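Everything on this sheet refers to the single structure shown next.
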């Protein structure tokens with residue numbers, strides 16, 4: 001993966017992400033211009049606040065953290081961290097939006113957690129514990 005190669009060469013994650021986001025902005029801007037899409041944002045506090053939040057936390061910090069994780073533990077293991085996103089989202093929604101938990105959500109989250117445990121546990125340790133019990 002490109003991020004791993006950059007990190008092994010000693011390039012900073014923030015720098016490489018900045019360039020990648022610039023390239024993405026230019027490509028998407030060109031596509032929007034070709035399609036004739038409108039670039040006029042709403043200059044309200046709520047719109048600009050949400051835009052700033054998404055740009056900073058949803059892009060800069062999130063991608064920086066994820067690609068740092070990829071560099072440390074590898075792409076295959078880091079990909080499994082994305083399975084925890086629903087758990088985080090539903091927990092935040094519970095506190096801020098009053099989300100009410102239902103059976104499907106609980107079962108889904110249980111499957112996510114069990115899947116992560118199976119993925120990250122060493123199989124020989126799992127079977128050794130079962131034999132000793």
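Each Cβ is built from the backbone N, Cα and C atoms, and glycine gets one as well.
Copied over from TrEMBL:
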DOMAIN    5-120  domain 'EamA'
TRANSMEM  20-36  transmembrane segment
TRANSMEM  48-71  transmembrane segment
TRANSMEM  78-96  transmembrane segment
TRANSMEM  102-121  transmembrane segment
**Prompt:** How do the residues of the domain 'EamA' (5-120) split into helix, strand and coil according to DSSP?
**Reply:** 97 helix, 0 strand, 19 coil
**Message:** Taking only the residues in the domain 'EamA' (5-120), give me the average pLDDT of this model.
**Reply:** 89
